[in-house]
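Look at TrEMBL and you will find B:29, B:73, B:213 tagged as Mg(2+) 3 binding site. Residues or ranges marked as Mg(2+) 4 binding site by TrEMBL: B:29, B:43, B:73. Taken from TrEMBL, the feature Mg(2+) 1 binding site applies to B:45, B:121. If you look up TrEMBL, you'll see B:45, B:73 marked as Mg(2+) 2 binding site. Annotation comment: TrEMBL describes B:52, B:265, B:313 as substrate binding site. Taken from TrEMBL, the feature ATP binding site applies to B:120, B:121, B:145, B:215. The Mg(2+) 5 binding site feature in TrEMBL is assigned to B:216. Annotation comment: TrEMBL describes B:28-138 as domain 'PurM-like N-terminal'. Marked as domain 'PurM-like C-terminal' by TrEMBL: B:149-277.
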């Protein structure tokens, strides 16, 4: 085996550059965040090789995904990132090359999203690579899950189902082969690399009565938002925005419309706003909040209720 | 296999009670911490079964250790806990009974240390149980590692080496058999259950020029503190406080004096303060900071330098 970095070398060479001056926590027991007049928002996600990503995915993409799923949670709450802490359990066969690429990907995103590494912990594990990132942000107004009220419109940003369809294509090469290369590439990229919608933070703070990111599937996540708010919803499924690539996949395998509405990893924002509100650019109205405690109703083009085999995706 | 809690049940039954009203993050995408005039301090530690604890340790003790190692980091920085986020990767064979006991232990400590659970993430893993806790605290004055100056006195709280000797006894039943039961029990308990020194927070804020918790061994951790501060130190090893139990173990196996000074898991506070300062109750002066960049010198009773085989313990 080639020589590998010691823990100190690893921090000094790979992680300190991601931290910048904010990275006191890398050389101390803890990170220090200056006092602020705004509340702090904190979220954690743990990703395990073989569960949340393929162990042979490019390390830079794994790093970016691990950070971005957390930034997506911040965005949904109307929070701008302050920084993040990284806990990393490395399997016995890690290499300097792998970890260098991982750190490089992480550094690119830390810079792109103005979210420096502020602290962390590294350990060995006899199991798979495990990454836990805690992201911290600030929000003058925290947008809760529990704020939806009957009469509110339901909005969703971007397009839904691309990531879930990207995963389908990995597992169904026959379907993948029937799609144009461009559509395949789009869906695969959307599966591998979430785009946290931090561009919507200002609009969410201004308009949203409730919000969450769509990580476990639109249908199941809307059910969670409704449950938290003590309401129900009616969604017109034809209004759910689909990318051209998703439309091509669904045209060839119509059963995958359900995959698009119930699969995970969209990392778009599902939110509600009072009636008469125009959605921010890039978001569309898909339905409305109604009184009640039942699960949200999804209607097809003939106004017939769609019954899903499975509401959402779970790694648990 | 008996039926196991779903992720929702697990949160509602086991973790929501630990959260209390602060636990918004359990039912939302993120936790919300009110604005404060004090800086926020954040630290993360990841513990892996078979690496940081024995998989068959009592689950309540595993939970308490995972939380306490983080609270110890906060204490060393002069920070009071606000709360913590828990990321948990559960192996395939987890049971409701195990997780119930884990949550109960965690809840006891959350209450005892006024550190509620404010958010988290749960996932499955094909590997060992992996726990990542991020603790958040507030400190009107952050006590850094990097503040030690020549002439400062070096202090340490409590007693040193108990936990490392407790681990030795687990691995050396012959030595354990030669010790009184009370001494064995003391050392084992100190290995399994750290006591974060939050009682020292006020004194550290008031007096300490630099501080860190002793988690990887006194000698190695003092070297880290000196390196961060750009100084060196001279320690009189006979001044290092040892418990009666540790003294009994070392009397029977004198080579383990080195284990006591270089082993891990003390979770006491190592700190420096300007000359002429009285230490807070429960802390003792063990040496002083000197100018220089070399590793700290440990002197024995004859003022001869002690050369350690290994400066500190690493799980990496």
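Using the three backbone atoms N, Cα and C, a Cβ is placed for every residue, glycine included.
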>> I'd like to know which binding-site residues lie near chain A: of B:43, B:73, B:121, B:213, B:265, which have a CB under 8 A from one of its CB atoms?
In response: B:43, B:73, B:121, B:213
>> Between the two most separated Cα atoms in B:120, B:121, B:145, B:215, the residues recorded as binding ATP, what distance in Å do you get?
In response: 31
> About how far apart, in whole Å, are the alpha carbons (Cα) of residue B:43 (Mg(2+) 4 binding site) and residue B:213 (Mg(2+) 3 binding site)?
Replying inline: 12
> Going by C-alpha distance, which of the binding-site residues B:52, B:121, B:215 is nearest to residue B:73 (Mg(2+) 3 binding site)?
Replying inline: B:215
>> Given the binding-site residues B:29, B:45, B:120, B:121, B:215, B:216, tell me which ones have a C-alpha lying within 10 Å of the C-alpha of residue B:265 (substrate binding site).
In response: B:215, B:216
>> I need the nearest neighbour of residue B:145 (ATP binding site) among the binding-site residues B:45, B:121, B:216, using C-alpha distances.
In response: B:216
>> I need the least crowded one of these binding-site residues (B:45, B:52), counting other C-beta atoms within 10 angstroms of each C-beta.
In response: B:52
>> Between B:43, B:215, which of the binding-site residues has its C-beta surrounded by the fewest other C-beta atoms within 10 Å?
In response: B:215
>> Within the domain 'PurM-like C-terminal' (B:149-277), count helix residues (DSSP H, G, I), strand residues (E, B) and coil residues, in that order.
In response: 68 helix, 23 strand, 38 coil
>> Rank aside, I only need the closest one: which of the binding-site residues B:29, B:52, B:213, B:216 has its C-alpha nearest to that of residue B:121 (Mg(2+) 1 binding site)?
In response: B:29
> Is any of the binding-site residues B:29, B:45, B:52, B:213, B:216 within 10 Å of residue B:120 (ATP binding site) (Cα-Cα), and if so, which, in sequence order?
Replying inline: B:29
